[in-house]
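TrEMBL has this to say about the protein:
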type	residues	note
DOMAIN	110-201	domain 'CHASE'
DOMAIN	302-373	domain 'PAS'
DOMAIN	377-429	domain 'PAC'
DOMAIN	430-500	domain 'PAS'
DOMAIN	505-556	domain 'PAC'
DOMAIN	574-784	domain 'Histidine kinase'
TRANSMEM	20-38	transmembrane segment
TRANSMEM	260-282	transmembrane segment
Amino acid sequence: MSPIKGSKLSISHIFSRPILAGIFSFVFLFLLGCFLLYQRYQIIRESEEREMVGVMDQVEKNLNNSLKDSYSVALSMGLLIDDKGNIKDFDQNAPQLLEQYPVIDVVQMDPGGVIQEVYPLKGNEAVIGYDILKDPKTQKEAYKAIDAKKMYFAGPIDLKQGGTAVVGRLPVFKDNRFWGFSAVIIKLESLIEQAGLKELARDKYLFQFSKIDAITNKERFFIENHLDRDYNVVETIILPDGDWKFYIALKNPKETFYELIPLTFFILLIAAWLSWMVILLFKQPARLQKLVDEQAGELINSELKFRTIFNQAAIGMVRVETPTGKFLETNQRFRELCGYEEEELKNMNFRDLTDPVEVDKNVALMNNLLNGEIREYSLEKKLIQKNGNILWIKLSASPLWKEGFSGNTHIAIIEDITERVLAEDELMRKEKRYRALVENGAEVVTIFSKEGWTLYSSPSGEKLSGYSEAEFKAINLSTLIHPEDSKIFQKQLQFAIQNPKQPVLGDPVRLINKAGEWRWAEYTITNLLEDPNINGIVGNFRDISEKKQAEIHLNSTYQTVMEQNRRLLNFSYIVSHNLRSHSSNIQAILSLYNTSDVEEEKLNYIELLSKVGNALNHTLDDLNEVVSINTNLDLNIEPLQINAFIDKTIDLLQMQIIKKGAIIKRDIPDDMIVKFNAAYLESVFLNFLTNALRYREPVRKLEVSITGYKENGSWVLEIADNGIGIDLKRHRDKVFGLYKTFTQIPNSRGVGLFITRNQIEAMGGSVGVESEVGVGTVFKINFK
């Protein structure tokens, strides 16, 4: 028997015995686990060593920074020595240096090696006068600094003033002669803290700090622990500036070993479990054969069930050759959908039933399926029937091979969705029509929350307001409504909230657009908060600004006409009375004239008739001016500066003012500008000032005060005089009447104030009077 053949028989012998195979497996797996465990142990140790190297690098960096700070302080102290060797301003500079470099505890100046200056002095008085070059404990390291001509750190040493510290001495030379030392002292605890040993050690590491004792030449350790005796030191650093050594070691060096013990037991359990699995596996062939026979029977049953479902399914099913798209097998429902017989379909592929526009998309998905990029796909497409009609179908395809394997056939399921597609098309057409109506209609459709925040605004909203839909969503509707209209809008909104789905027609409101203009709008709001498709309040707004302006203009015109009618009615009473009075006088004179036979009397009657005629003419002129004021609707109204017209009026009456010795005082702001008719304003001021001059009090100097100010946002002008005054208790209602006079002064006709009031009221203003006999009169004009 050859060795190869014998080897095959041995392996076969092993595999025929499950327990023996399990033992071999257990030994192999356990040894493999131990090897991996050892590798894990080595990796952990290497990681710990790298971590300790990193920690020591940080310690070295911290210490070097402290030593550099010490050097900077010593050098700064050395610069305090002048050319004569004297120390200047030590007490002023030392505190600043200690404040700037907190790692330094004490600074010294040691001329000739004798400590002369110390800061802080408190607690360090014992070292003043101490000669470090004569003390055997310090002289060796002091001379080491002198010989090296650079800073050297002695210690840690026991200080004369108490405590243990490191002393850094910088030798100072003047004219190449040794002057002394500039020294710094760092307490041992400060040095350890600055090195960061406590923070870096945590609970994982131990540190040690040592130096060769200058007297005993033995290594001296300064941190109280057992690292110098019981631990395997992994890493050390040496700092030559002080001949120091820093050690680091794991606090628990056996911790890694202990951590691996549970893993060892776990490997043992895994090896045992896998060995048991091997034993069970080698017992499986007989069981597998039995299982294969059972599954073969089930497979035959599954095939029969599949055939039954395939042929009798209510949806179309096709088995397709994936690379070519050829129909391999079709069911009855699919044949009904496309109108072809089974034999016809066997000579066709999917391209024959597909719209040419959709072929490439279908081919791409089939290729992705064949290449394993996807496991299934579905798409909606058109199916061309045998009679040329088009059906809409949903096609879902799945491969007939398992994932990770290759194959060349897939099953396709076809569902007729023609009715659904047609319904969706109809719905889309309706939606487009509705959207066109909403977007191009005169009404703005909005959906907003009950708090007033806009959720949706139709595009026509931008035409009305100037705000885009995105800007609308950042604006609360209540901020767009005029304050005077807000209350009624909120009332109608609350009514709509309390009455879901009931349209509420609101009163017109004013809305401010982006340009800052107020636009009138009428609206209807409907609460559809409970409708899940809307979930808000629907508002339909229509711009009625032009309509509203026409309505306001119509109302204004109506009010104007009514006011004119009222004035003309009053005027007709006045005309009737005055003309009747003149006509009665004329009739009486003519009657006397006709009955008189004396020529002289007739001449007197003719003279009286002439006077009555002149009076009638004056009356007609006055009445004509009043009619002109009340019927003139097309007056030119413009902004007029009050001061300018007062100046003009004073200039016109300048001779009368001088003649009567009147004093005119005025306090009118330069920005007092009113909208008025220029001729009317000149007439108003002329009448008031003329009356003031005419009805002055002879016994005192006439003073006229003209004052302008704002009241409730409108301009007011007061014209006050110290004239004879008017008895308002008797004549208040007659002051502004036509032909109403209250004095015996000649040429008083009672026309001026009547015309003045009509001119002011025609401009939308008003006039009032306050007066007292013997004191004076104040006329108050309120401009529109």
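Each residue, glycine too, has its Cβ placed from N, Cα and C.
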Local confidence of the domain 'Histidine kinase' (574-784) - pLDDT mean:
77
Same-chain residues near the transmembrane segment (20-38), Cβ under 8 Å, at least 6 residues beyond its ends:
14, 260, 263-264, 267-268, 270-272, 274-276, 278-279, 282
With DSSP as the yardstick, break the domain 'PAC' (377-429) down into helix, strand and coil residue counts.
12 helix, 26 strand, 15 coil
